[in-house]
Amino acid sequence: YPNTFWMNPQYLIKLEEEDEDQEDGESGCTFLVGLIQKHRRRQRKMGEDMHTIGFGIYEVPEELTGQTNIHLSKNFFLTHRARERSDTFINLREVLNRFKLPPGEYILVPSTFEPNKDGDFCIRVFSEKKADYQVVDDEIEADLEENDASEDDIDDGFRRLFAQLAGEDAEISAFELQTILRRVLAKRQDIKSDGFSIETCRIMVDMLDSDGSAKLGLKEFYILWTKIQKYQKIYREIDVDRSGTMNSYEMRKALEEAGFKLPCQLHQVIVARFADDQLIIDFDNFVRCLVRLETLFRISKQLDSENTGTIELDLISWLCFSVL
């Protein structure tokens, strides 16, 4: 299942020293890998059986040697075969195999046999000689565009549209925004949506509300409109099966297209928060996720002016940010 296999956790194994005793006459580094399912007794009491599990071991390409912050993509696994695999995928508590490989760097990828199975596990690696093991994951990055636009960017047609939508007060509230976006999405056949929830509209307004009015003026609405068009473009391009929705395994690529690189742990949280019980993410939840991420990254950047990677919050600040 290439669409989802690459989303599994990835572990770097660095084999540095060959075995001293080459019993079979073949040089290399001997090591054991054990993949163990956790909490299965508890799950069995709930009527769930063991998952069918196994793993693959891939040689790290020369151009990526020495890097630990790159989660290998779907394209890598489509173009590279496993150097070794577990003997079988089987529904046992532990899968254990012995291997011998030349010194070098390898990626270990555990997985269930069937896609979209969630499970807890631990991995044990024993080597005859010195070796190093660590998790491989993306560094946290956000490429944020400036939330600004000049008056010259806004054409007369958009000004007339805004005046028609905003009414006498020349501002758009979250409730008015919800009505506008519902009409827009109702005309689209390539995106399945019941419209935007009022919660999503509120966080969009909050992100761009520069004067604290809880409404959007002309320039603010123009910036938001531009963002929504960008989000629509990403959503359509990532929806490769043309279902009008997005599968959870497509979300990681979509976030990267939107400028966010996130570790696996955070991707798991995002899927749990924004996907439905069929692991589908609709356009409303996709936009809500992007807006929340952008808002949190901007807050972090503002509070961490020296780019240390840490921030300090007092209780009231934490509570205010938590209700975003």
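Just so it is clear, glycine is given a Cβ too, placed from its N, Cα and C backbone atoms.
What Swiss-Prot annotates here:
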BINDING   ALA166, ASP169, GLU171, GLU176  Ca(2+) 5 binding site
BINDING   ASP209, ASP211, SER213, LYS215, GLU220  Ca(2+) 6 binding site
BINDING   ASP239, ASP241, SER243, THR245, GLU250  Ca(2+) 7 binding site
BINDING   ASP282, ASN285  Ca(2+) 1 binding site
DOMAIN    190-224  domain 'EF-hand 1'
DOMAIN    226-261  domain 'EF-hand 2'
REGION    1-138  region 'Domain III'
REGION    139-153  region 'Linker'
REGION    158-324  region 'Domain IV'
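Features per Swiss-Prot, on structure.
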{"residue": "ALA166", "record": "Ca(2+) 5 binding site", "Cβ neighbours (10 Å)": "19"}
{"residue": "ASP169", "record": "Ca(2+) 5 binding site", "Cβ neighbours (10 Å)": "11"}
{"residue": "GLU171", "record": "Ca(2+) 5 binding site", "Cβ neighbours (10 Å)": "20"}
{"residue": "ASP209", "record": "Ca(2+) 6 binding site", "Cβ neighbours (10 Å)": "17"}
{"residue": "ASP211", "record": "Ca(2+) 6 binding site", "Cβ neighbours (10 Å)": "10"}
{"residue": "SER213", "record": "Ca(2+) 6 binding site", "Cβ neighbours (10 Å)": "13"}
{"residue": "LYS215", "record": "Ca(2+) 6 binding site", "Cβ neighbours (10 Å)": "19"}
{"residue": "GLU220", "record": "Ca(2+) 6 binding site", "Cβ neighbours (10 Å)": "22"}
{"residue": "ASP282", "record": "Ca(2+) 1 binding site", "Cβ neighbours (10 Å)": "19"}
{"residue": "ASN285", "record": "Ca(2+) 1 binding site", "Cβ neighbours (10 Å)": "21"}
Cα proximity to GLU220 (Ca(2+) 6 binding site), best match among binding-site residues ALA166, GLU171, ASP241, ASP282:
GLU171
Which three-state DSSP class does LYS215 (Ca(2+) 6 binding site) fall into?
strand
Using C-alpha positions only, work out which of the binding-site residues ASP211, THR245, GLU250, ASP282 is nearest to GLU176 (Ca(2+) 5 binding site).
ASP211
With the cut-off set at 10 Å between Cβ atoms, which of these binding-site residues ends up with the most neighbours? Options: ASP241, GLU250.
GLU250
Provide, as an integer number of angstrom, the distance between the C-alpha atoms of SER213 (Ca(2+) 6 binding site) and ASN285 (Ca(2+) 1 binding site).
25
Between ASP211 (Ca(2+) 6 binding site) and GLU171 (Ca(2+) 5 binding site), the C-alpha gap once rounded to whole angstrom:
12
C-alpha of ALA166 (Ca(2+) 5 binding site) to C-alpha of LYS215 (Ca(2+) 6 binding site): distance in Å?
10
Return the count of C-beta atoms lying within 10 angstroms of the C-beta of ASP239 (Ca(2+) 7 binding site), excluding that atom itself.
19
Sequence order is fine: just name those binding-site residues in GLU171, ASP241, SER243, ASN285 with a Cα within 10 angstroms of LYS215 (Ca(2+) 6 binding site).
GLU171
Within the domain 'EF-hand 1' (190-224), count helix residues (DSSP H, G, I), strand residues (E, B) and coil residues, in that order.
18 helix, 2 strand, 15 coil
